Amino acid sequence: MATSIARLSRRGVTSNLIRRCFAAEAALARKTELPKPQFTVSPSTDRVKWDYRGQRQIIPLGQWLPKVAVDAYVAPNVVLAGQVTVWDGSSVWNGAVLRGDLNKITVGFCSNVQERCVVHAAWSSPTGLPAATIIDRYVTVGAYSLLRSCTIEPECIIGQHSILMEGSLVETRSILEAGSVVPPGRRIPSGELWGGNPARFIRTLTNEETLEIPKLAVAINHLSGDYFSEFLPYSTVYLEVEKFKKSLGIAV
């Protein structure tokens, strides 16, 4: 009888010790447990409009507000400031800056100003010609070019990394090679190829070459249409749905 009582007392003491150990561990765990974050209800990411660029595309200056035609494509990270007009069918590509703070800048019909170009205009021109920067219709301005208070007549190609200074004039159906520098007041005659620093006459363009100039501008205009559709207020899924319906013979 005494042996049984001793065994029961030992079991009770052991169980009490085990309970105390577990209780101490649980208390320690509660103290070291990190506070749970307070979750808040917020719109899903597909319903939030994000803008990581941190820059403004259209910058009004005083009474002057840049004007962009409805069907003209202007890339999201382009800067248009002041007296800038972008006409129908034209395109201004990524990273270009058009500063119309001192005078007018015009990008004509179906012309294109490519990546990282800088277009500016001075108060006045030393040649007496208009100080505005005028890019007429069917003109292709290559990437990284710098244009300041110059006039480019219809159907011209300005090569990449070219510089056109104040008062320079590029007449119709002319081509300027890449890396060319046109000094102030220099005139590039019609139908000629010029290049170099400073720009010099190289040769006369053939009839076939002059006919290809507007075709290049039109091709770039068609390419800009693919980019233009990606920046509609809504996604372009409906375009794929319409194509799928047409492939099945369903009227859209």
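Every residue gets a Cβ built from N, Cα and C, even glycine.
A simple way to gauge crowding: the CB of TYR227 (substrate binding site) has 15 other CB atoms within 10 angstroms, across all the protein chains here. Annotation comment: Swiss-Prot describes ARG99, GLY100, ASP101, GLN114, GLU115, ARG148, GLN160, TYR227 as substrate binding site, evidence class a curator's inference.
Spatially close to HIS120 (Zn(2+) binding site) yet at least six residues away along the chain are ARG99, LEU102, ILE105, THR133, LEU146, LEU147, ARG148, SER149, judged by Cβ distances under 8 angstroms. According to Swiss-Prot, the feature Zn(2+) binding site maps to HIS120.
As annotated by Swiss-Prot, transit peptide applies to 1-29.
DSSP gives ARG148 (substrate binding site) a strand state. Within 10 Å of the Cβ of GLY100 (substrate binding site) there are 23 other Cβ atoms, across all protein chains. Long-range C-beta contacts of GLU115 (substrate binding site), restricted to its own chain and to partners at least six residues apart, with a cutoff below 8 Å, comprise TRP93, ASN94, GLY95, ALA96, ALA143, TYR144.
Annotation note: GLN160 (substrate binding site) sits in a coil segment as assigned by DSSP.
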